[in-house]
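Contents: one structure, followed by commentary.
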């Protein structure tokens, strides 16, 4: 039964994608009225994009996650497949699949207009532009289940090959999700996403190869042990950290997030920022020897570095993000900031391994909560742009709720904050706790800014029941995450005396934003662009590329010159040969003389050789 | 014959043979180096007749007969035919060989001929060690060596086809005489010579036909009418 | 060396059947040639049928030599001994000669059917017969008199055949060839005269016992060498060859290039291994000239404008490979295994080249006949219309290039092994360079033939048998390389 | 029981087919097609039979003596049958494709005849059991591919043919010298013999190294290793099926396979390591990999880009060989097959684009994915395989190569592999992007460069299905690499044999 669920969880999304494609390729009634039979018409209706069947792509995985821990092994798959739901991956799969499901429901409403456009009469004047967008939407619908399949596979996988497969599948299948809008910005965002993704894949591949080769293993647990015991473990770990860090938005490698998220449609942003970004985190947890008490000094140093990087991300992203104009960009920076905190926690896992056993449930909870809350926030951006005719305070309170939860001021957010704080207390990381608390100020500020930017762009009408339903469900799931997330032990509710410690950053953050808005809203300065360091990278890359291109050009010219020289020599040699061959006529003329000469030479040589040249012995 | 006489071990001077040898050599020289073609051809016929005499003197009547028939009559007639003398008609118009001989060609051919003479001498000396004691006893042998060397040189030097054919014929005769002189009265040697004579006559006949035909068709007198042009390039 | 050449007493006396086969091999070509002159055959099957007894005689000789390795016949009167000996080499050569001869006859029949200068073609048949017989005599003879007879007959008939096309350039080339060949024979005769005078015998088996390294042997070797080298068109005395082949009729060129020049080379090798088996410098000189021949001939073929000139010039280069074998075969300190390898390589190259060159000339003749063009450029675009002729040319050129699995390759392989063992690096370089250059000139034709934009022309159809026979020869050359072991085992003579 | 007829028969199927095709008239289209397909299927059946027998431990051998001390030997061993199987499978695909590609164009008789010869030579190379036999078929391959390269008969094609010959014939000569030197040193040496060349190491170290250099140098030309690769991009003027076969199986693989044979079955790995030639080879292969990728990026036409990609990819095989250790070996062997499958897919697709839409340049690819979805899916799969993304076959080999490099303590090789992956992504992802995400010219009112409607489907079925089939196999070879008889499993079997004698 579980095996069947495994298979279904992984294959059903693929099947959905295939059926969606098939429905698209089957003859369409309006194009070929005579050809399409009733059956094929029904087929294309049932399997059209954003049908319920399409939404159901993530259900088997959800069911699998709910049904409990399981394990399935099949040697025939790639390098030997091993899939397992561990105490860690079960909640992970659960929140991931849930978010995908809810985002899909939201998308069902979100793309309704595009969907009808899909079957619209093709003689519209603005055909080209709309056709492109429509196609983008279809491609999104096609790749959505594929990206989910990748995401589910990487969570389930315990062997390297299928993990890496899932990771790559998710990464590349997410590209159409980013570029759906087919605008200039979308293409740019997509490009940045892809460039960094490829770099990330390269680092991951290098790290995995190294670690797996050194440890002669094919499983992720083997990689962990290998890194822990290898001499060069720190370098392997560094490679892997950087590789997954691209996905997890580690500072410096995060530049794709603020560029790709705002351009993607809301449901895609939700899964990108909620579920997929966590794949990087899961990657770290899977391959870094977190909680391994035998870790060597090098790895501890790396852990400290990770810790620092994470904290920098947590603060810097907040500081930069508040200046963003687009709410989704602000949210993207918030994701960077939140992932920074998670990065710091991973660093703790390396620095003080003994605390990891306490810490990881907190990390899982944090991840789940952040995923769903961020999902709700992103979905909320589409709600605010097409807000339903609900009472305004209610709507905006609902829109603000996940943000509040993220700052740790209430509900699941508070629980998750407390659960890692309590773990950190045990490890006596007082400074870290303080810093994380300060980071929460940033979160609060970001949330306030995001809400404010949403307010500025609010529009009424045009939203759909599915859109709102998906959003509301995500919100509810986010707020109640500790209740349903299957963690080993129930997450502790913070004692009352700690409550203030969790709430004050919110107030501080909101206050600061309010002050800043009050002070600055008259000023018309240029706001820093989204994607911060990307622009620096681009300049640097261009500066680096130019001399390289020149070198290449020079080499090409040199090669050309060599070829020409060779050709010239060849021509000359041929001319010389031609001249030489005139000697053939000379030889023809002088056969008689040559014959005489040959006889003489032979005779002379033989006599000389015989030592009897002339005239006698 | 010559060898048989060697038994006596006495130094004698064969007048007839010497005269014959000198006459033959003179005829051969004229035949090889006279630019007047008809004269050279006639000289060759004379040479062949003298050679018949020589074969007779050497007590090889079969060879004498063959030389008379094949050498003098067939070859001679062929050469005359090639000249256009025999059946009157289109004769080779310039009866002179008018090809210039560059000095370098002449010098190299002369040098080659001289060296060949040395070669012949060495060959005869080593093949017939006894001859070294009395070289004058074998005037024909010595003469034949000279013919061979000169004829080869002439063959290499001349461009006119008829003259080359003549040179070949003289060369052939020289070789035959050398063979007979060195091998003595062996039947094998005579057979070899007979075959050679036949072939030489056939070759001369064929060559003469070709020369006529070529002259008729293209007006050619030499093999490489354009040699100077191509070499100059 | 003696046992290789079959200059030793035969263990068995020839049986009557074998003697008859020998007689048939020598006389049948004459009879068939005469018959054909009276009634020139026009159809391939007639030629085939008539040639069957001839081929059968060859097969019988082959069969005989397989059993006993060496057979000798001799006739004596007075001091003259005419001797024939049949060993592996001779049997192989006879069979190949007959094969090529018959295929050439087939081709000739086809050619006559196409009504190509029918008048003179009648003369081809008796000449063909004499040529085949004289070649067989040369392969089989074991005394210098028969050899001289065969050589002269062969030379004259060859000249006669070459003249038959009647074109002015053919006459010119033929006359040059005639003069050169006659003078060459005279040098040969001079050499023989020295031998006869000094050792008093013309029989090779007897001579082996008396010949010692002394001045007469050296001088004779030099004279024989120069004469035969001229007749065999060895570099630098090769220049008469190209125009001869380029202007003659196709089957004549084929026979000439395949067999006639080889006969002189055969004699050269045989007499040198008799006279100067221990010499170092003379074979070395010939080898060096061979290296030059490879380069020179290949370059000439590469730059050739007309197809037949290309094929003819390639003969010069291919003879160079055979010359390269001389320093390996003869010489004072050559190890036996080097000699064995070179011996095998020499014969394989000779046989392979004979078959391939005959096929190549025929293919080239077909191309020229069908298109009416003799230049390479004129053959542009032929691959579409004359694929079979090109294929034959291609297969033959595989042998010429020495690419596997052809006889040329196996021969080169053996020579290469021998050279490696003997450390003759310059010879290796020449050998390999030759391969490259031969590929260069062979593929020039193909390059032209593949041009698609060439103007369409009307092609003359070919008679049956003109392509089939050539294909047979080309394939024989190809497969000879792969099944070389069998013929080579015959070459080792009785003591192998 | 040794069945000598089996290798011979398997070899003869294509040879006889070629011979028969040469005798058929040009217009006998149906008969020719039937013979081609029947021979291809028969060959596959025979190969399958041989594979089963090898799995049972029977190595069928055909042997006869060519000259004293040198035999012609064909032996169906595990390594050889890998390559033979690939060539026969892809022969079928390519034949199908070529039938569609050539349509009713002229000179088909010549084309299919030499095609059959080419496959025969490849097959012979695969099963050759000593260097002599190998050399025979190796040279035969050169000859039989020349007419295919110049098939179009244009000046471009003829020039390419000349360049091709210059390279390959020279290489053949170098190889011949090497082989001859080796034979004169050691005599006939079977690939399957346990006795390596180790006994000669002490006395002939320099000579062995020289011979190694000659052999590998000669083979590297066909394997298109830098700087001996110049012929390959030029040979792109050949028709698509030829490029496909040349790149995927016949020529470049023959070179790579030869290097495999030389190192594994002739010198032996230990000896090669002891000679110290492996590092040099690895460096050369790495340079080729990176150089090929860099040059590929600079190409603006589709087929040359694929050609440079081939240059880069084939050296993976050489790289794997030069890593001492079983994983590198497995990677090399598996890549031999995987790269063949993936690259042939890419060339099929490139040919289909050119035939159906007239697309030759890369910027013309815009939007072709929607016009020809299945072809483009196949192309995408092939490209992902080249990049080495899972689950395609390319990932499997990259993985094993990487592990092999780590095991051999050559971490820089891992860096090369990763860099090559990234570079592959740089030159393949834009293609995929153009295929799928750019608007087609038809949408802005322009037309495809030269659109033909070849069939009811997106293009002619002959062109479509072979590409889809090979793409599916290359996907399957990665996805189910752990199953028995998969390329990886078979490669592992061979590697185990090599390392555990």
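Cβ atoms here come from the backbone N, Cα and C positions, even for glycine.
Here TrEMBL flags D:78-99 (among others) as transmembrane segment.
Taken from TrEMBL, the feature transmembrane segment covers D:111-138 (among others). Beyond the ends of the transmembrane segment (D:111-138), by six or more residues, the same chain brings 7, 10-11, 14-15, 17-19, 21-22, 32, 36, 39, 43, 61, 66, 70-77, 80-84, 87-88, 91, 94-95, 98, 102, 144-145, 147-148, 151, 172, 175-176, 179, 182-183, 188-192, 215, 222, 239, 241-242, 245, 249-250, 253-254, 257-258, 261, 266 to within a C-beta distance below 8 angstroms of the stretch.
Under the heading domain 'NADH:quinone oxidoreductase/Mrp antiporter transmembrane', TrEMBL lists D:128-422.
Per TrEMBL, transmembrane segment is recorded for D:164-185 (among others).
Residues annotated as transmembrane segment in TrEMBL: D:206-225 (among others).
Taken from TrEMBL, the feature transmembrane segment applies to D:245-264 (among others).
Look at TrEMBL and you will find D:271-294 (among others) tagged as transmembrane segment. Counting residues 6+ beyond its ends, the transmembrane segment (D:271-294) has Cβ neighbours under 8 Å at 196-198, 201, 205, 208-209, 212-213, 216, 220, 224-226, 229, 259, 263, 308-313, 315-316, 318-319, 321-324, 410, 412-413, 416-417, 419-420, 423-424, 426-427 in the same chain.
Per TrEMBL, transmembrane segment is recorded for D:314-337 (among others). Remote same-chain residues near the transmembrane segment (D:314-337) are listed as 79, 82-83, 85-86, 220, 223-225, 252-253, 255-257, 259-260, 263-264, 269, 273, 278-279, 281-282, 284-286, 288-289, 292, 393, 396-405, 407-408, 410, 413, 416, 477, 481, 487-488, 490-492, 494-496, 498-499 (criterion: CB distance under 8 Å, separation of at least six residues from the stretch ends).
Annotated transmembrane segment per TrEMBL: D:377-397 (among others), in sequence order. Sequence-remote contacts of a segment are chain residues at least 6 beyond its ends whose Cβ falls under 8 Å from one of its Cβ atoms, and for the transmembrane segment (D:377-397) they are 309, 313, 316, 320, 331, 334-335, 337-339, 341-343, 345-346, 348-350, 417, 421, 424-425, 428-429, 431-432, 435-436, 467-468, 470-471, 474-475, 477-479, 481, 487-488.
According to TrEMBL, the transmembrane segment annotation covers D:409-429 (among others).
Sequence annotations record features per position, and here TrEMBL assigns transmembrane segment to D:462-483 (among others).
The stretch from D:164-185, D:206-225, D:409-429, D:462-483 that makes the most Cβ contacts under 8 Å with the transmembrane segment (D:245-264) is D:206-225. Taking residue pairs at least 6 apart in sequence, the transmembrane segment (D:409-429) and the transmembrane segment (D:206-225) share fewer than three C-beta contacts under 8 angstroms.
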